Amino acid sequence: MGGSSRARWVVLGLGALGLLCAVLGAVMIVKVPSLIEQQVLKNVRIDPNSLAFGMWKEIPVPFYLSIYLFEVVNPTEVLNGQKPQLRERGPYVYREFKHKTNITFNNNDTVSFVEHRSLHFQPNMSRGSENDYIVLPNIMVLGAAVMMEDKPASLKFMMTLGLATMGERAFMNRTVGEILWGYDDPLVNFLNKYFPNMFPIKGKFGLFVGMNNSDSGIFTVFTGVKNFSKIHLVDKWNGLSKIDYWHSDQCNMINGTSGQMWAPFMTPESSLEFFSPEACRSMNFVYQESGVFEGIPTYRFIAPETLFANGSVYPPNEGFCPCRESGIQNVSTCRFGAPLFLSHPHFYNADPVLSEAVAGLHPNPREHSLFLDIHPVTGIPMNCSVKLQLSLYIKAVKGIGQTGTINPVVLPVLWFEQSGAMGGAPLRTFYTQLVLVPKVLQYAQYVLLAVGGLLLLVPIIYQLRSQGSKDTMSLSSLVAPPYWPPRPDTPLLKDSLSGQPASASA
């Protein structure tokens, strides 16, 4: 009896434990998703107490700016009306450091900040040095010539004489360092001296002169602390709710985030929208596919084919016109009137007429498309590669001798890639707290439910087996009397053994 009692208590204990596990698992199935959501919201909002705040304030991911320059191999022939032949030089790679300063939390659930940027040349990652000489179109001469096309002949004649006096030509041979970070240009110096308010650039002229040791203006974005629906969205840029570069309200809208973090809990139907001061516009990327980066699930977003489409192909882009061939965007209105165009590198996804007008371009999606890999639960980028090309529209302008007989062409000047991938300690911290722990909790709830179910079967099986034993004993009692078989000293058995009938008195 003692062993049976102990077994019964063990079975009851296992059953109680199973019930507890099953209830706990069921509660977790109901509660864990909301708990994970609360933790994600708490950690991705712009709050000094959030996990992502340090990452937002000073980006720990190593970012690199890789610049490729298009050298004009036949400048003399181009001046005589022949097709330009280009040779891609580079990459010239720079490590990009970013950190936010002047962080001010406002009363309307927004925070204002300025993001400082500095670039440092990486010789070991580059193909060439900053001392390399490269022949490029002279943007000051050829750009000014196109801008002067409709001016009086006398003014163009004076410009021709002035350029000749200063030794300015249609093409220039300068070092990479000068092209990117500035050189003393006689035309710039002349304009600043005699027309001080005419030209916005003071001092040296360079294609990236405003990108090093600089910032992109004052951003004011929503923190998501009080109103999660607006988290990371830009409220104002330099105090503006919209820009005035373009010709439609839609194109002038400041949409999306500042381009570093997005709202969490994305789906394949989500889009990736952000405002880029460098591109003077908002951009919108679309979902392409799901993937995994270093064990972390991601969504890959890419540029739609309509990003740089002209107004005739994609009517909403009409506000960015005057347009040329589809696949390039005219950015002259935000680049001091210079005939500059933005596109994908090598005119990828653009009208083939553009790449066929010059020799040396080979557009392909693997090398020239852009992407951002985002962790969909948190909206934080894991890996990105943004590639853009800057081109100059050049042509012969009657009355300006420096332009010769150049055939009209959109001439690529350079393209660049901004890339970065999370790694090291930030990646491990991110993976542990925002991927591993939620995954463990998710598995634990089903394990508890399964273990609880199995343990609950123990008392049920025990009860069935106990009931089965009782039924067997009851059946035995029905088939045989309690004292069967009889003892040898019973009268019946004794008479039977002696051969005598039992006595009547027995």
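Using N, Cα and C of the backbone, Cβ positions are placed for all residues, glycine too.
These numbers come from a predicted model, not from an experiment.
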**Q.** Per TrEMBL, the range holding region 'Disordered', considering 108-128, 486-506
**A.** 486-506
Q. How many neighbouring Cβ atoms, not counting its own, are there within 10 Å of the Cβ of Cys251 (disulfide bond)?
A. 19
Q) Including all protein chains displayed, how many Cβ atoms other than that of Cys384 (disulfide bond) lie within 10 Å of its Cβ? A) 21
